[in-house]
Amino acid sequence: MGLETCSSALVCIGVKPATCEPQSLSRQEGKHSDQSLVFADLTPEEMVQVVRYLQHSLGVPLVDASQANPSDNCIYYVDVQLPTKAEALGFLDRGGRRPPRQALAVVYFGNQPDPNVTEYVVGPLPKPTTHQDITVQKYGGKLPYHRRPVLGKEYEQIAGYLRRTAFPTALTFLNRVFDYDGTNLAALTSAPRGFQSGDRNTWFALFHNVSGYFLHPVGLEVLVDHSSLNVSQWQVRKVFYNGQYYEDLVQLESEFQQGRVKVDPVTRAPPDGGFSSMQPRAPPRAPFPLQYEPHGPRYSVRNNQVVSWVWSFAFGVNVNTGICLFDIRFKGERIVYEISVQDAMSVYGSNCPGGMSTRYMDGSFGIGRFTYPLVQGVDCPYSAMYVDTHYLARSPNPRINKNSVCIFEQNSGSLLRHHYSNLQSLYYGGLTNSALVIRSIATLGNYDYVWDFIFYQNRAIEAKVQATGYLSSSFLYGDGLDYGNRVGDRTLGTVHTHSVNYKVDFDVGGRSLGGVSLSLSLSLLCLSLTTCYRQDGILHYSKNLQPFVDLVSPPY
C-alpha cells in the first residue's frame, strides 16, 4: 500500500546542545508535573456532568444526537475549553492561580422558529454551574442551521430515502444494469453541500457494496436536496449516469426503457472486493524485525505528560482536529507553547460531478473522533506505551478509543554523527540518531492519516503526516484519464491535492525576546496510483501498482 508523506521540521535554535553521555530515566532533567493537567482532555465524568447540566439548564428538550431528526435540538459535541495562553503561562511560570476548568459545548437548535448552531462555554468543572453563549463573540454573528455538519442519523435518513423512495422509481434500470437487490449498492457522500449560501445538496456516488467498495464505482450518482427539516420533503435534484445528466431517476428510468441510455456493464465485484481486499496475497515469509530497549524506556508517561531525559510536553486529542501538544520543553526550557493539527483538506478533480465538486475538510467530520485503536507491532512498536482517548460527539454518552495514542523511542537507522580518526590520535566517535515519537492514526472513511510528532536529540521537532488506506475513485468513462489514472476496468483514481494546516506557537528564547506564532500549511499534489512524498523540499513521484490513497468523508 502506498504512502503519502508530508513533514515539516521545526529546528529549535538558541538552546544549549544536548549531551552525548547516555543517561537513564532516573537522571533525566525533566520531571513530571501535575501542572500539565491544565491542558488535559475532559474526563468521561466531566463530559457526563456537562451534558446533565445542559439538559437541565437550556430550557429546551435535548434529543440524543444519534437519534435526532434535523428538526430536533441536540448536543453535537463536548470538548475541553482550553485557557488562554496568558492564563496558562501565568499559572505555569508565575505562580498564578490555576485557570478554571471549562468545557466547550456545541448545540444544534433545530426545534425552534430560528434554527441555529450555538456554542457555549460551560464551567467550572467538575460540577458546572454556568454557561455562556460565545457564538456571536467568536463568529461575529449567529451560525445558520444549514451550515451544521451532517449527523450520522441524517446520513441514515438519506440512505433510507434513496432506498425506499428514490430508487423504486428506477427499478428496471437498477435491476438490469446493477442486479440491484436493495442491499448491494453503497452510497458515498461528497462535500461541500452546494455552491451558494443556504444550499444543503449533496452528490452521492454509488458503489458495489463489498469490502473496499471505494474502488468499485458503478457510474450512477444522485444529487439529494436534504435542506428541509422535514425529511418527507427531501428530493433528488439531479442524476448522473455514465457521462449523461438526467433531471431525476424517473427520467432515467423512462429513457432506459426507451433504449436511449448508453449502458456500460460493470462486473459485479465479489463480496471480499477482489483486488480491493485487504487479505494478504501471500503468507508471511518470516517475522519482521523488532525494536528492543535493553534497559527499558528512556521516557515516561503520566497523565497527559511525556517526559524524557531532554524533552517534556503535554498532549491531548481534540475531537475535531486530532492530536495537539503543549508546553514543549527541551532540557527544562520551553521552546514551543503549542503545536497542533488544525485541519486537513483535499480538493479533487474528475469528470463525474461527485468527484469534480469535492473539497473535503476533515475537521468537519472529526479527525480526533476517528482516532482509532493502534495495533501493537504494526501501527506502533510492541514496546511503545499506549494511551486511551475519550470523546463525546453526536451522542450524549462518552466513548473511548482504546490504545489510540502511542509513545515510543525509535532508532532511525542512521547516525547523528560519526568519525573514525586514523590520523595522529586514534579514536572513534559516533551517536545513534534516536527520536521520541508520539503517534495517532485517524481513519476518515477510506483514508487513514498517520500523525507523528518527532523529537530529536539535536533539538529538532518534526511534524509529519502519512496517508494510506484506500483511494476515492470515480467511474471511468470518456476523457476520464485526463483526471487521473486507471486503477480498474471502470475505476478512475482521481487527481487531488492535500493541504494540511498546523498551528505552531514558538516561544524560543521566551516571549519577551520575540516568541513567534505562525500557521504552517503543507500541500501534496497527487495522482492516484502515484506515491508522493516530500524530501529535502522537493516533491517526488513514484509509480505504485497497488491501490493508493485518497480522502473521503466517513460513509454511513
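Just so you know, glycine gets a Cβ as well, placed from its N, Cα and C.
Heads up, TrEMBL stuff is auto-annotated, nobody curated it.
Taken from TrEMBL, the feature active site, proton acceptor applies to Asp362. If you look up TrEMBL, you'll see Tyr447 marked as active site, schiff-base intermediate with substrate. Per TrEMBL, the feature domain 'Copper amine oxidase N2-terminal' maps to 60-129. Per TrEMBL, domain 'Copper amine oxidase catalytic' is recorded for 291-511. Annotation comment: TrEMBL describes Tyr447 as 2',4',5'-topaquinone.
Straight-line distance linking the Cα atoms of the residue listed as 'active site, proton acceptor' and the residue listed as 'active site, schiff-base intermediate with substrate', rounded to a whole number, equals 10 Å. Summed and averaged per residue, pLDDT over the domain 'Copper amine oxidase catalytic' (291-511) gives 94.
Every protein chain shown contributes to the tally, and the Cβ of Asp362 (active site, proton acceptor) ends up with 27 other Cβ atoms within 10 Å. For the domain 'Copper amine oxidase N2-terminal' (60-129), the DSSP-based tally of helix, strand and coil residues reads 13 helix, 25 strand, 32 coil.
For the residue listed as 'active site, schiff-base intermediate with substrate', other Cβ atoms within 10 Å of its Cβ number 27.
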